[in-house]
Structures are given as C-alpha cells and as structure tokens.
Amino acid sequence: MALPVSLLMALVVLSCHSSCSLGCDLPHTHSLGNTRVLMLLGQMRRISPFSCLKDRNDFGFPQEVFDGNQFRKPQAISAVHETIQQIFHLFSTDGSSAAWDESLLDKLYTGLYQQLTELEACLSQEVGVEETPLMNEDSLLAVRRYFQRIALYLQEKKYSPCAWEIVRAEIMRSFSSSTNLPQS
C-alpha cells in the first residue's frame, strides 16, 4: 500500500537535521503540541469505547519513565521523544491507515512530527549545555516494550475496529501522561 504523501514528507524531513536552533521553551510548546495531538486522537474515535470493554487490555505503561523527579530534563525529553516516535510508527502501519480517516491521520502525523522537531531542537541544546546521557537504557527498553505489547495486541486482534479503539484510548492516556516535563 502506498504511503500518504504527508507521511513521506514527514519521514524525509525527519531524516534531515534542523540547521536552525529553536528556543528551548519546551514545557509551553510541548504542552500546546500535546493538546493538538490529543484533540486529534479524540476526533479519530469511530466507535464507542463502551462497545469494546471486552477487548480492554493493560499494556503496562511505564509511568516511572515519565516521573518528573526521577530524570533531568535531557533524559525526560529523550523519553518523550522515543514515545512520540513509537506513536508515529504505530499509526504509520498499513493496518492503521485502513482503520482511520486519512485526513485526521495526516493531521496526526503532522502534529507528531512537529512535536519531534521541537524535542530534537531542545534536546540538542540541552545536551550541548551539559554532557549527560540522553536516556537510561532501561527506560528506553521499557518504552519500546510497551509499544511492542500494543503492536502485538493489534496483531492478535487482527487490527479489529475495537482493538484500534482500545489502542487509541491507551495512546491518549499515555500521551497525556508525558505532558509534564521538568523545568530545569
């Protein structure tokens, strides 16, 4: 299946490094971007979540990765960046394009891409200021395993409408958990 043009453009731009540096007022811009993405995810709802209660699943969101006091700003930004990349990948699958309205999906890609761009610019500034490891390997693994469980769930449920609705609601929940980044 051919990828939507906006997805291809986002992938091309993602592969290029930003030559300009954005101001790192991340908590404000990140919050606004999250609000836009959450609104889009809300608009993507096609069926009532109540009709899918039998399909509920605990994907084991690694909340400890996003607890603000545990990490310094670069590690928190890196964790959120990995999460957004995984969400982008999840909604870029063939099964996803068949499940959602293409216009809303394109807007979601754009919103996620904007988030990634802001995080990358901010991360490069933060790492330049202090030489700290970007993300604890255990945290990175926890985020990736979480999304692997979601992908496996979708596969086991044969990408059914209810499975996608459960995943959409889960992504909204986990995405909103990552909105509060440390200020320093």
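Each residue's number is its place along the chain shown, starting with 1.
Backbone N, Cα and C define each Cβ position, glycine as well.
Annotation in Swiss-Prot places Cys162 in a disulphide bond whose other cysteine, of Cys24, Cys52, is Cys52.
Each of the disulfide-bonded residues Cys122, Cys162 was scored by the other Cβ atoms within 10 Å of its Cβ; the lowest score goes to Cys162. Counting only the Cα atoms, the space from Cys162 (disulfide bond) to Cys122 (disulfide bond) is about 37 angstrom. When secondary structure is read from DSSP and collapsed to three states, Cys162 (disulfide bond) falls in the helix class.
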